[in-house]
Amino acid sequence: MKCSTFCFWYVCKIIFFFLSFNIQISIANPQENFLKCLSQYIPTNVTNAKLVYTQHDQFYMSILNSTVQNLRFTSDTTPKPLVITTPLNVSHIQGTILCSKKVGLQIRTRSGGHDAEGMSYISQVPFVIVDLRNMHSVKIDVHSQTAWVESGATLGEVYYWINENNENLSFPAGYCPTVGTGGHFSGGGYGALMRNYGLAADNIIDAHLVNVDGKVLDRKSMGEDLFWAIRGGGGENFGIIAAWKIRLVAVPSMSTIFSVKKNMEIHELVKLVNKWQNIAYMYEKELLLFTHFITRNITDNQGKNKTTIHSYFSSIFHGGVDSLVDLMNKSFPELGIKKTDCKQLSWIDTIIFYSGVVNYNTTNFKKEILLDRSGGRKAAFSIKLDYVKKPIPETAMVTILEKLYEEDVGVGMFVFYPYGGIMDEISESAIPFPHRAGITYEIWYIASWEKQEDNEKHINWIRNVYNFTTPYVSQNPRMAYLNYRDLDLGKTNFESPNNYTQARIWGEKYFGKNFNRLVKVKTKVDPDNFFRNEQSIPPLPLRHH
């Protein structure tokens, strides 16, 4: 009896020892365990292409930094992923999700790397990046005027391939050609056709999403609630979106543009701005008139160097030169628009003109530039956004513009972008993006610089401007745009039982009354909150399910 008891105790002790040892090994080597698991889904002998990178690989840092668009997040102290996967197909995404979940690693999904806070490639806990660079096909169906776009495709690739198939079709999305469709579409996505057709997210008709269980869902199998949520509510909250089906829209064979510079005393400039903010949102959908401001050094008539504010009034008009000049002279004669200020361009050349990748004086555009994923010169940047519902008083506008003088020359910029058009006609609950009727324009506050040691200086300038404009923009809540993510609005503490209460503070700024519906969807499809970041949609606590 004694021997039997002793033997049982001894065997249990040995089993406990080995279990403890294995648990310690598992905890100590999450990367090793992840790679072992992943080998079942991405066998190394299937393709010559390298799809998985660890910190010991020669090209790890070049892959990591290749699409980091904000150089604030390339320092040695920036958290780095244990592993980067670059899937070729949905099965590779499935494997990455299941293996990350199995070993307790977080996932960050990167499409184009333009996340303003770097949250598509940074985490404060051990994590894996799913980099979708290899999944960038764009398949056009001209007959149905639709396209399937993989989430690793850039906006430039989308515009290029649509135009290759039909010059009178396009898609309502952003200006920057290197922005990835994965994040841009799922956060809303506005651009040159916003007043005509709404956001990118308004024109998505299906999607392929890999959920927390590794299942691939389309619109029918995911259900309308989840399909609603991923169009403007941030797809990364609910899974990894592999592809989008988009509705293509009609564009004119030719459009007319101008971008005129106004260099004048600030009080005279503010009179123009005041006229603009009272009229730009009221124009018909066919005309987009926006303006931006930046400081430049000039030499005055006495040969002295001085810093001044340059303002640019820019347009896209779905019509001819004569019609645009006539319209501007009747509605906004103070701008003094002449025929010589205008250019007639094809739609694809209009996109290139405002893409930021060509010189404004260029007229010989090559659309292949839209396929260049490198994006040219990169910089550190910070950006915030406000929505304006009523005209800002001239005295306040003077102070706002003068704040550009408080920043280094050429670093700070403001963009005023009009609403109106079809945006007034779409319900604020049609998709999670709620910013619709009642908004007259947006203000983008931007700082872009080169030296990382100046990060805090420039970020603080943006914060100062943002604080000053508080009384003049949307209120209760002060609204924000998910694609210009802003961690100053708040972060979620995942260890806190009150993370819903914390998230509601910033969540209602991004989503308004749609926030609670997003929480309900999250609770249903990802109750354990596997897909999360500092500003992710939280599930309700278990007691509320």
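Cβ atoms are placed via backbone N, Cα and C, with glycine included.
As recorded in Swiss-Prot:
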- 1-28: signal peptide (SIGNAL)
- Cys37-Cys99: disulfide bond (DISULFID)
- Asn45: N-linked glycosylation site (CARBOHYD)
- Asn65: N-linked glycosylation site (CARBOHYD)
- 77-251: domain 'FAD-binding PCMH-type' (DOMAIN)
- Asn89: N-linked glycosylation site (CARBOHYD)
- Asn168: N-linked glycosylation site (CARBOHYD)
- His292, Tyr417: substrate binding site (BINDING)
- Asn297: N-linked glycosylation site (CARBOHYD)
- Asn305: N-linked glycosylation site (CARBOHYD)
- Asn329: N-linked glycosylation site (CARBOHYD)
- Asn361: N-linked glycosylation site (CARBOHYD)
- Asn467: N-linked glycosylation site (CARBOHYD)
- Tyr484: active site, proton acceptor (ACT_SITE)
- Asn499: N-linked glycosylation site (CARBOHYD)
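Distribution of Swiss-Prot features across the structure.
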residue: Cys37; record: disulfide bond; Cβ contacts under 8 Å, 6 or more apart: Gly95, Leu98, Cys99, Lys102, Val103
residue: Asn65; record: N-linked glycosylation site; Cβ contacts under 8 Å, 6 or more apart: Thr74
residue: Asn89; record: N-linked glycosylation site; Cβ contacts under 8 Å, 6 or more apart: Met135
residue: His292; record: substrate binding site; Cβ contacts under 8 Å, 6 or more apart: Ser311, Tyr312, Ser314, Met413, Phe414, Val415, Phe416
residue: Asn305; record: N-linked glycosylation site; Cβ contacts under 8 Å, 6 or more apart: Asn297, Ile298, Thr299
residue: Asn329; record: N-linked glycosylation site; Cβ contacts under 8 Å, 6 or more apart: Ile337
residue: Tyr417; record: substrate binding site; Cβ contacts under 8 Å, 6 or more apart: Phe290, Tyr441, Glu442, Ile443, Trp444
residue: Asn467; record: N-linked glycosylation site; Cβ contacts under 8 Å, 6 or more apart: none
residue: Tyr484; record: active site, proton acceptor; Cβ contacts under 8 Å, 6 or more apart: Ala116, Ile383, Lys384, Leu385, Trp444
residue: Asn499; record: N-linked glycosylation site; Cβ contacts under 8 Å, 6 or more apart: Thr492, Asn493, Pro538
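Secondary structure from DSSP puts Asn305 (N-linked glycosylation site) in a beta strand. If you take every residue in the domain 'FAD-binding PCMH-type' (77-251) and average the pLDDT, you get 98. Within 10 Å of the C-beta of Asn168 (N-linked glycosylation site) we count 14 further C-beta atoms, all protein chains included. The number of other Cβ atoms within 10 Å of the Cβ belonging to Asn297 (N-linked glycosylation site), over all protein chains shown, comes to 10. Cβ neighbour count for Cys99 (disulfide bond) (all protein chains, 10 Å cutoff from its Cβ): 25. Asn329 (N-linked glycosylation site) falls within a helix when secondary structure is assigned with DSSP. In this structure, His292 (substrate binding site) is part of a beta strand by DSSP. Mapped onto three states, the DSSP output places Tyr417 (substrate binding site) in strand.
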